[in-house]
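> What follows is a structure written as structure tokens; I'll ask about it next.
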Amino acid sequence: MTTGAAEPLLALTDVNTFYGQAQVHFDLSISVGRGHIVCLLGGNASGKSTTMKIILGLVKPRSGEVTFDGASLIGLSTPQIVRRGIASVPEARRLFADMSVRENILMGAFVRNDRDAVAQDLDKMLTLFPKLGQRLSQRAGSLSGGEQQMVAMARALMGRPRLIVMDEPTMGLSPLYVDRVLELIRTINQDGVSIFMVEQNASLALEIAHEAYVLQTGKIVLSGPARTLKDDPRVRDAYLGGSEAA
Amino acid sequence: MSSWLDYTINGLIVGNVYALVAVGLALIFGVSRLINFAQGSIYLVGAYIGWVAVVQLHTPLPLTIIVVAVVAALVGLIIERFGLRPLQNSVRIAPLLATIGISFVLDQLVMLTFSPNPRALPSQLPDVRFQVGGGTIGPLDLLIAGVGISSALLLFVFLRYTKLGWAVRAASQDRDAAMQMGVDVNRVNQTVFGIAAALGGVSGLLVGMYYNQIDTAMSLQATLKGVVAEVVGGAGNVPGAVVGSMLLGLVESYGVAVFGTSYRNLFAFLLLVVVLVLRPNGLFASARQAPPEPLTGTFIAPSRPLRIPRWALAVAVAAFAILPLLPVSFYVLQTLINAWLLGMLALSLTLVAGTIGQVSLGHAALLAIGAYTSALLSLTLNVPVGLAIIAGGLMSAALGTILISPSFRLRGHYVSIATLAIGEIVSLVILNWESVTRGPIGISGIPPLSLFGYDLISPASVYWFAFAVMVVLALLQARLLGSHLGRSFRAIRDDDIAARAYGLSLNRYKSLAFIFGGFAAGLSGGIAAHLYSYINHETFNTQQSILALTVVILGGLGNIVGAIVGAVALVGIPEMFRIAAEYRILIYGIVLLLLVRFRPQGLLGTI
């Protein structure tokens, strides 16, 4: 937990998760400070994506606490959690392939009822993601991976969330788009949205993050400010999951 | 060529009726990946509510339509809330089986309330025909077309321009992602079931008026037609369902024009099988799209099967073997003979549905093939009955496997649909191939059971014969499953892609399972034919297929002893409590529902 600073926006405390008999998380504790970008690093099967699912209420932990803005999320359904102000950019984008780009972006505002403001936000998205302007009436499934990522990010922003959780936002993108996505994450963050992202690509993620956690087979093995972790040789070891780090 | 125009108009009108059912099925499939076998029952309920409104309450037509839509929607909401929502996290086959159970229960409730006799449902519209080009069209045709078109428009507006409509579309494309946008999936499910039920109910009303007759057999027919139209259009594809329905209506109408009324359904099911084999994703699905059916593997409820020691089984077999020597009534023996015959069918189905994971809904067809083969051989060619029965088993094995083989490449729910269709096709061929099967008259005077020239007349001898055949089949099957073959079967059930990657030929193993299963079911059918001495195309119907499925689920899918225990229980318990025949189907439906909800692994556990 961040000490001294104000209460974190999102906090997972001593979370233990199981899939059947197999334990996925061991006393996992993570916190995301207000206005921060926090990234969770880890190799395959380290429990990264499950952490996302815990936050979104798609998987229920067996024990532990998850709070958002001081209130517990445990026992809430995914739609209820979304209404609290958490949006997601899921792994592999998960767009509604047969709906148009416009419809996809507007789906992000599903929980909102202020039509006029939604329309304004849609315009804002088109300035933030100018390429999408020409694609609005196209089937979302027909876009390239990078364009889909833009749609997924616009969709998440449309809910006016206080926190966006992103599952591997750069996965499968061309280098050009990777840079673009990272830049956008930074821009979004500068507008006051906190970001919690799961990444495999440690060096890229540490470029933009404020804090980072390294997850290895369900346990946090390292954590701290991104700047210090970037130079820590153990990050590479832990991230690769080979030798016994720490 | 005026008549052709008439047939076209008729096809399109009937297509409109099918579309009302199929669109509902497509909406539900889109959102929950479920083929709702209770859709026809809602259609039936709609027809009878309409009858009550028109004949007893004398409501005007617009009010009748509204009443039917509202009541049907309520039934749909109840089904979703209490029948299906509790199964959300269960094994994949559970909701499908639950809808079958629900449809049994609803159909029987309607039958018990209104009697099985057909009733007239007047349309209240003037009986005039207008000349259109070379054909004629009546007010009812226009009403049906009007209801069909306005429903389609309303649905379009709903899906395209309302928030809830967007939620439905989003949920049907990616359920999890929709939830992450804040969509309440339960509410979407409810909406979809309500709409589907309202459309289905109105469809039942219109059909009743169109033919001026309603009866309880409508239900299964409607489900089947709706499923055909939906699958032809591409499961879950709403506009596809409309086009599929029109196509089905036209194919049927032209088929009837050329061959006669009794061929109507044959064309429907042939269309389905052709589409399933050539384009399993429907006519309009784009090729790159993966089929919406998730992979196998979670199809069977995981469990630890109950271990029964060998000596206990031996004691049980011995006890049942000496039963006729004890002072038991003819009635008890009769009941157990039925149980042994059902047990053979269940052995076959537990192998096919349980061990290799192909949930067949048309297993009664195998009985019918065995029964007709054996009956005709002994009757027309004077083949000794014992040999004829074996020939019936072999014919079932061969023909059943050949008929089902086109669907070997299908998975999950599609296998169930294909087997259901093939079951119907067999029954329709029997109905229409009069020169061989004697058509609707059926075969009477089938010689009684006999073995090596000795007639098996006494109940005890029939009992021993049926019991012995079943025990031998069970031992053979146990032997089969104990070998590497059993392991291969289960590997295919649990993950067919992995099984194929390890070099297992799916076609070969599925064929082997159907050959063995077909033989067992064929023997059962053959024995039954000689026992009943009269059979027709309806002796072995879909109800029996579903009963067999309930038996094997009750016993535990894949469980040999379970199949027999299940057969004894489901035949015996209604007899024990002297439950009247008309309530039995109701009870089977309830048993199926309870099992799916509370004990999907059955009594003895799945293997």
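In case you wondered, yes, glycine gets a Cβ from its N, Cα and C as well.
Note that the structure is predicted; figures quoted are calculated from it, not measured.
What TrEMBL records for this protein is below:
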- B:12-35: transmembrane segment (TRANSMEM)
- B:42-59: transmembrane segment (TRANSMEM)
- B:65-84: transmembrane segment (TRANSMEM)
- B:96-116: transmembrane segment (TRANSMEM)
- B:136-159: transmembrane segment (TRANSMEM)
- B:191-211: transmembrane segment (TRANSMEM)
- B:254-278: transmembrane segment (TRANSMEM)
- B:311-333: transmembrane segment (TRANSMEM)
- B:339-357: transmembrane segment (TRANSMEM)
- B:462-481: transmembrane segment (TRANSMEM)
- B:512-535: transmembrane segment (TRANSMEM)
- B:547-573: transmembrane segment (TRANSMEM)
> Six or more residues beyond either end and a Cβ under 8 Å away: which residues meet both conditions relative to the transmembrane segment (B:12-35)?
43, 84, 95-96, 99, 141, 144-145, 147-149, 151-152, 155, 168, 171-172, 175, 185, 188-189, 192-193, 195-197, 199-200, 202-203, 206-207, 210, 222-223, 225-227, 229-230, 233, 235-238, 240-242, 244-250, 252-253, 292-294, 413, 416-417
> Report, as numbers and ranges, every residue of the chain located at least six residues beyond the transmembrane segment (B:311-333) whose Cβ falls under 8 Å of a Cβ in that stretch; write 'none' if there are none.
459-460, 462-464, 467, 471, 561, 575
> Given a Cβ distance threshold of under 8 angstroms, which distant residues of the chain, six or more beyond its ends, lie next to the transmembrane segment (B:512-535)?
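Beyond its ends, the transmembrane segment (B:512-535) has Cβ neighbours at 337, 341-342, 344-345, 347-349, 351-352, 355-356, 358, 363, 366-375, 378, 385, 388-401, 404-405, 442-449, 462, 465-466, 469, 473, 476-477, 480, 485, 489.
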> What residues elsewhere in the chain lie close to the transmembrane segment (B:96-116), defined as a C-beta under 8 angstroms and at least 6 residues from its ends?
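Contacts with the transmembrane segment (B:96-116): 34-42, 44-45, 48, 51, 75, 79, 83-84, 87, 215-216, 219-220, 223, 359, 361, 413, 416, 546, 549, 553, 582-583, 585-586, 588-593, 596-597.
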> Using a Cβ-Cβ cut-off of under 8 Å, list the residues of the same chain that are 6+ residues beyond the ends of the transmembrane segment (B:547-573) and lie near it.
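Non-local partners: 97, 100, 300-301, 303, 305-306, 308, 313, 335-336, 338-340, 342-343, 345-347, 349-351, 353-355, 359-361, 363-364, 470, 474, 477-478, 481, 490, 588, 591-592, 595-596, 600-607.
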> The transmembrane segment (B:191-211): which same-chain residues, six or more beyond its ends, come within Cβ distance under 8 Å?
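Residues packing against the transmembrane segment (B:191-211) from afar: 13-14, 17-18, 20-21, 23-25, 27-28, 30-32, 36, 39-40, 42-51, 64-65, 68-77, 79-80, 84, 121-123, 125, 140, 143-144, 147, 151, 155, 158, 164, 167-168, 218, 222, 226.
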> Other than its close neighbours in sequence, what residues sit by the transmembrane segment (B:339-357), given a CB gap under 8 Å and a spacing of at least six beyond its ends?
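Distant contacts of the transmembrane segment (B:339-357): 296, 299-300, 363-364, 366-367, 463, 466-467, 469-470, 473-474, 477, 481, 486, 489-490, 492-494, 509-510, 513-514, 516-521, 523-524, 527-528, 531, 544, 547-549, 551-552, 555-560, 562-564, 566-568, 570-572, 606-607.
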